[in-house]
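This is the structure, below, for whatever I ask next.
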Amino acid sequence: MNAPAGRFAARTVRVKAPGKVNVSLEVGPLRPDGYHSVASVYLAVSLYEEVAATSTDTPGITVSLSPESTVDLDAADIPLDGSNLAYKAAAIMADVSERSTGVHLEITKRVPVAGGMGGGSADAAATLLACDALWNSGLSREELAHLAGELGADVPFSLLGGAAVGLGVGDELSPALAKAQTYWVLVTADYGLPTPEVYRTLDRLREAGGVQAAEPVGVDPQILTALRSGDAEALSRVLVNDLQRASIELAPALRDTLGIGESHGAIAGIVSGSGPTVALLADDPVAAESLAEDLRHYGLTALSVHGPVPGARIISDTLL
Ligand code: ATP
């Protein structure tokens with residue numbers, strides 16, 4: 001129904017965007033610009049953030065967190081001001097849209113905060129798409145991807161979804177063919193690991209060990225072959241994460257989580273990105289569910305997910 005003439009008609013666009021697991025993550029040495037080059041295979045998994053963007057008749061951007069969130073919002077340190085990644089995404093979209101309005105963003109958080117699964121990046125990707133629809137910005141998918149890259153290295157992937165190879169700082173993405181599903185159990189932690197600290201720890205460990213890391217040039221083709229066919233056994237042999245030992249150095253309990261997972265039927269385990277989420281690979285959905293159940297008996301928070309799943313998608317568009 002249309003609002004009566006002269007009355008502001010609020011509209012809500014709701015978008016969901018997936019979190020990711022790095023199936024492989026190779027990290028080069030610290031560059032003079034303070035970044036590290038990476039070569040990574042990203043996999044979008046079925047754990048989604050949701051952003052509901054509602055147009056407002058007062059200018060400006062406001063952010064709130066939905067009580068439907070499944071992460072512990074009291075424990076998490078999520079800014080609601082201009083430093084929130086969703087806020088930044090809306091601000092960028094307002095700059096490039098001719099007919100922007102004020103907007104309220106309500107975020108439903110399900111991806112663990114500072115968990116190495118790109119939850120904040122998923123919020124940014126969802127917000128880009130929601131504001132694009134709300135303000136009819138007319139941007140192409142490529143232009144949105146470009147704006148996503150300005151917001152953060154993991155944002156373009158949450159927009160794209162599926163599986164992809166990421167080079168550069170992770171933002172130079174090439175989609176990978178991965179039609180078959182793989183099944184994972186995510187063990188989330190009730191604390192976060194700040195990504196910059198994990199990278200600094202890796203640099204320190206390498207220096208202490210006299211290790212000269214090489215610039216990563218590409219990803220192991222066997223990873224892509226295993227993902228394409230959904231061959232979990234082959235994939236288990238090629239999972240790699242250069243950040244893992246730095247994450248374990250900062251949070252030694254991760255070693256126990258990996259051990260418990262592997263002794264309860266996981267065919268391999270890996271810290272996801274900078275951690276502390278651990279991703280355990282299972283043979284099939286039934287094995288994943290039973291592994292998750294076993295891990296809950298240890299008091300661990302375990303979720304079974306699958307991937308690849310599509311990137312950010314509009315799930316509803318309502319005129320209020
Ligand atoms: P990545 O793997 O991309 O480094 P992450 O999943 O480890 O990210 P996030 O949950 O994205 O970590 O957030 C890391 C930090 O960013 C948080 O501790 C928080 O202070 C800040 N932040 C900014 N915007 C958000 C947001 N929308 N959601 C969560 N955290 C946010």
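Even glycines carry a Cβ here, placed using N, Cα and C.
Fair warning: this is a prediction, and the values are worked out from it, not measured in the lab.
Feature list, courtesy of TrEMBL:
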type     : residues                                                                               : note
ACT_SITE : LYS20                                                                                  : active site
ACT_SITE : ASP154                                                                                 : active site
BINDING  : PRO112, VAL113, ALA114, GLY115, GLY116, MET117, GLY118, GLY119, GLY120, SER121, ALA122 : ATP binding site
DOMAIN   : 84-162                                                                                 : domain 'GHMP kinase N-terminal'
DOMAIN   : 224-298                                                                                : domain 'GHMP kinase C-terminal'
Once near-sequence residues are set aside, which residues in the chain of ALA122 (ATP binding site), 6 or more away, have Cβ atoms under 8 Å from its Cβ?
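Spatial neighbours, sequence-distant, of ALA122 (ATP binding site): ALA17, PRO18, GLY19, TYR48, GLU49, VAL111, SER158, ALA312.
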With H, G and I counted as helix, E and B as strand and the rest as coil, say where DSSP puts GLY118 (ATP binding site).
coil
Taking a cut-off of under 6 Å between Cβ and any atom of ligand 1, tell me which of the recorded positions LYS20, ALA114, GLY116, GLY118, GLY120, ASP154 pass.
ALA114, GLY116, GLY118, GLY120, ASP154
Filter the recorded positions PRO112, GLY120, ASP154 down to those whose C-alpha lies within 10 angstroms of the C-alpha of LYS20 (active site); answer none if the list is empty.
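For LYS20 (active site), the recorded positions whose Cα atoms are within 10 Å come to ASP154.
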Under 8 Å Cβ to Cβ from GLY116 (ATP binding site), same chain, six or more residues apart: give me those in sequence order, or none if nothing qualifies.
ASN22, LEU193, THR195, SER247, VAL271, SER272, GLY273, SER274, GLY275, PRO276, THR277
Just to confirm my parser: what is the rounded mean pLDDT across the domain 'GHMP kinase C-terminal' (224-298)?
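Per the prediction, mean pLDDT sits at 96 for the domain 'GHMP kinase C-terminal' (224-298).
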Return the residues near ASP154 (active site), defined as same-chain residues 6+ apart in sequence whose C-beta is under 8 angstroms from its C-beta, sorted by sequence, else 'none'.
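Listed in sequence order: LYS20, GLY118, SER121, GLY170.
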